[in-house]
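Reading through the structure tokens given below for one structure.
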């Protein structure tokens, strides 16, 4: 209601420039009651919807679905850079397209902020990938990094977390494009150092302007929006805030119980160390740290033989799929590779055409999962929700990549054809069940009564 029905910024008689001074709900950003949600591009899209179809919801839903389709296509295209052509890229795309956690962002009109931010997030990332591949060999490389910066700014103007794409781009450059390990991060490559410096400077500038524009003051929220933030106990705040990312990951892993409203006591506060849910917290962070550690430490042997091309079933003596780089290439890349080889191109230049290793993909996936979620962790400022499923729209890309690379690793490790088929069929079943859950969950968004009924199980008091 506040974002569209009663938002004066959508009306034709209101000057369109007002959207750049007001928050997502049409309140002046410097007003004491503003939530500081500065998303002018999303509000502009609502205004265009209103100009074309008034308050008819059909047009608003159509735009959301089209945006989700565009994001899915871009994400699948980005997955090709990591997995090459074949089943693994398709699996990553299908996981993202069907994941039930996206229902709130796509079926709920105001969730367009997350979908639009993700669209420009991926556009920015793809531009930076182009910058990396053309750096030092083409003058257009700086046009690509300019495009990456502009798209990052647009992503932030759809929703605040969009600016985190700059950090993810840096991770891609260091760990995927350059394939560096932790002890190699100190930059010896001046072009790499310069590119990372540009990303850092642009991100700092965007955040500085954003903070200035909202009046240099953080938003304030009611106790029911974020009970932990209002708690007087430091222990309660700490334990609860550390636990909430665990709960969010569980919603990605097993989206069985979903709700549009996780406020109030939907997630009871953790008030003591003896609370058994702290075990989940410890397991969560220990798992993330171990996964990151072993990925960063990964040996050079594993990098050369990481199971990227497993479709034809060739294996080395250790049971790992290990093929020449020419076997993972598309016909266009093969011909390009062959011509470069004939011209005597150096070995390290040919290696740039190789797909990234499993360890590198895991590092990038973790950054996609964690970095865009950081603004919602209450680490730097309190947010106006306990859990919001729409916030997981961008991080879910990292989750889908992690699942895909994990399934691929299992497929490669399996020695028997039966086990390989079992892994593949289980993954297909997961995608089907995710899709069915999405269909069922969409039914909850048919009308207001059904939506509120669906939230009773999670938040009966509200």
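Glycine residues also receive a Cβ, built from the backbone N, Cα and C atoms like all the rest.
Noted in TrEMBL for the protein shown:
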- 58-75: transmembrane segment (TRANSMEM)
- 109-129: transmembrane segment (TRANSMEM)
- 192-213: transmembrane segment (TRANSMEM)
- 216-288: domain 'DUF1736' (DOMAIN)
- 279-296: transmembrane segment (TRANSMEM)
- 361-385: transmembrane segment (TRANSMEM)
- 391-411: transmembrane segment (TRANSMEM)
- 418-436: transmembrane segment (TRANSMEM)
Helix-strand-coil residue split for the domain 'DUF1736' (216-288), DSSP-based: 36 helix, 0 strand, 37 coil
Chain residues in Cβ proximity to the transmembrane segment (361-385) (below 8 Å; excluding those fewer than six residues from its ends, i.e. six or more beyond): 35, 82-83, 121, 160-161, 164-165, 167-168, 171-172, 175-176, 218-219, 221, 225-226, 228-229, 241, 244-245, 248, 262-263, 288, 291-292, 295-296, 391-392, 394-395, 397-399, 401-402, 405
Folded-back contacts onto the transmembrane segment (279-296), same chain, C-beta under 8 angstroms, at least six residues removed: 181-182, 239, 242-243, 245-246, 249-250, 359-360, 362-363, 366, 370
Criterion met for the transmembrane segment (109-129) and the transmembrane segment (418-436) (at least three Cβ pairs under 8 Å): no
Predicted model, mean pLDDT over the domain 'DUF1736' (216-288): 88
